[in-house]
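See structure below.
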Amino acid sequence: MDTRGVAAAMRPLVLLVAFLCTAAPALDTCPEVKVVGLEGSDKLSILRGCPGLPGAAGPKGEAGASGPKGGQGPPGAPGEPGPPGPKGDRGEKGEPGPKGESWETEQCLTGPRTCKELLTRGHILSGWHTIYLPDCQPLTVLCDMDTDGGGWTVFQRRSDGSVDFYRDWAAYKRGFGSQLGEFWLGNDHIHALTAQGTNELRVDLVDFEGNHQFAKYRSFQVADEAEKYMLVLGAFVEGNAGDSLTSHNNSLFTTKDQDNDQYASNCAVLYQGAWWYNSCHVSNLNGRYLGGSHGSFANGVNWSSGKGYNYSYKVSEMKFRAT
């Protein structure tokens, strides 16, 4: 076949391609002409046209199977609090709890036992304070925080004659007097306090001229009522008043209605006091308050090694301190 015949045969095809290219979009969608068989005697042209316009949407397909559950997303922001709900019903009464310690017991467990302990806790002022006996009973006592280092528990005080010390056994057992002046702490209390550990004794005396005297003893204890409040005294240590108590060591307490001394008569009645008399005394600090020198014999607030049997001191204080 000659080339002119081929050209003539392909002219309509070229025109068709030109038309389709004109109608196709400007994108890379033009028809493609492919000529095959160039080496053979026959030539074959294959024309691939441009894509047609999209057809109408088909009907909606069936829903596919559910996919696997996705992982939990991050928490969202907290929402606004809702309104309060109605008050709930009252619950049932619970079982009672164990009984707690009473206030008094707690105070006893942690409270001071002596004036010296109060001093170590920072109570530096002399005055009346509450301490606790071994049976947890509270007891108000006069603490001397000034004399000889402080920490003394005062159990006897004479100062103005305002209180009568010529009393019976029951009065000396329980104690008597006034916190504002003269008093005896009570033999039961003195026993309970001195039965705890070791205590030293100090006696302070002041005459009507303002002169001070004292006597100290290494240890001091008063036995219980079954032993008639016997005096158990240690050695005399020092003091310008001299020793007028050692001779009363191991003596029983005697009052006007209970005679426990070693004399034929009742020493408490003879010398108008109450004391650890033997036969009868060299000191009588619970005797009559006679205001200094007196003509009667040995019935005043006497300390014989100090100012003798005929001088009644203005001030007498007996006190003990834990050692």
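From the backbone N, Cα and C atoms, a Cβ is placed for every residue, glycine too.
If you look up Swiss-Prot, you'll see Asp259, Asp261, Ser265 marked as Ca(2+) binding site. Annotation source Swiss-Prot lists compositional bias 'Basic and acidic residues' at 87-102. Taken from Swiss-Prot, the feature domain 'Collagen-like' covers 52-102. Annotated domain 'Fibrinogen C-terminal' per Swiss-Prot: 106-323, in sequence order. Residues or ranges marked as N-linked glycosylation site in Swiss-Prot (evidence: sequence analysis): Asn249, Asn302, Asn310. The region 'Disordered' feature in Swiss-Prot is assigned to 55-107. Taken from Swiss-Prot, the feature signal peptide applies to 1-26, supported by sequence analysis.
Here the features listed in Swiss-Prot are painted onto the structure.
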residue : record                      : DSSP class
Asn249  : N-linked glycosylation site : coil
Asp259  : Ca(2+) binding site         : coil
Ser265  : Ca(2+) binding site         : coil
Asn302  : N-linked glycosylation site : strand
Asn310  : N-linked glycosylation site : coil
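Using the Cβ center of Asp259, Asp261, Ser265 for Ca(2+), the list of other same-chain residues with Cβ within 8 Å runs, in sequence order, Thr254, Asn260, Gln262, Tyr263, Ala264, Asn266, Cys267, Ala268, Val269, Leu270, Tyr277, Cys280. Considering other CB atoms within 10 Å as the measure, the emptiest surroundings among the binding-site residues Asp259, Asp261 are those of Asp259.
Averaged across the domain 'Collagen-like' (52-102), the predicted model reaches a pLDDT of 80.
When the Cα atoms are compared, Asp259 (Ca(2+) binding site) and Asn310 (N-linked glycosylation site) turn out to be 24 Å apart. By a simple count of nearby Cβ atoms, those within 10 Å, the most crowded of the recorded positions Asn249, Ser265, Asn302, Asn310 is Asn302. The two recorded residues, Asn302 (N-linked glycosylation site) and Asn310 (N-linked glycosylation site), show a Cα separation of 7 Å. Applying DSSP to the domain 'Collagen-like' (52-102) sorts its residues as follows: 0 helix, 0 strand, 51 coil. Between the CA atoms of Asn310 (N-linked glycosylation site) and Asp261 (Ca(2+) binding site) there is a gap of 22 Å. Recorded residues Asp261 (Ca(2+) binding site) and Asn249 (N-linked glycosylation site) have their alpha carbons 12 Å apart, per Cα-Cα distance.
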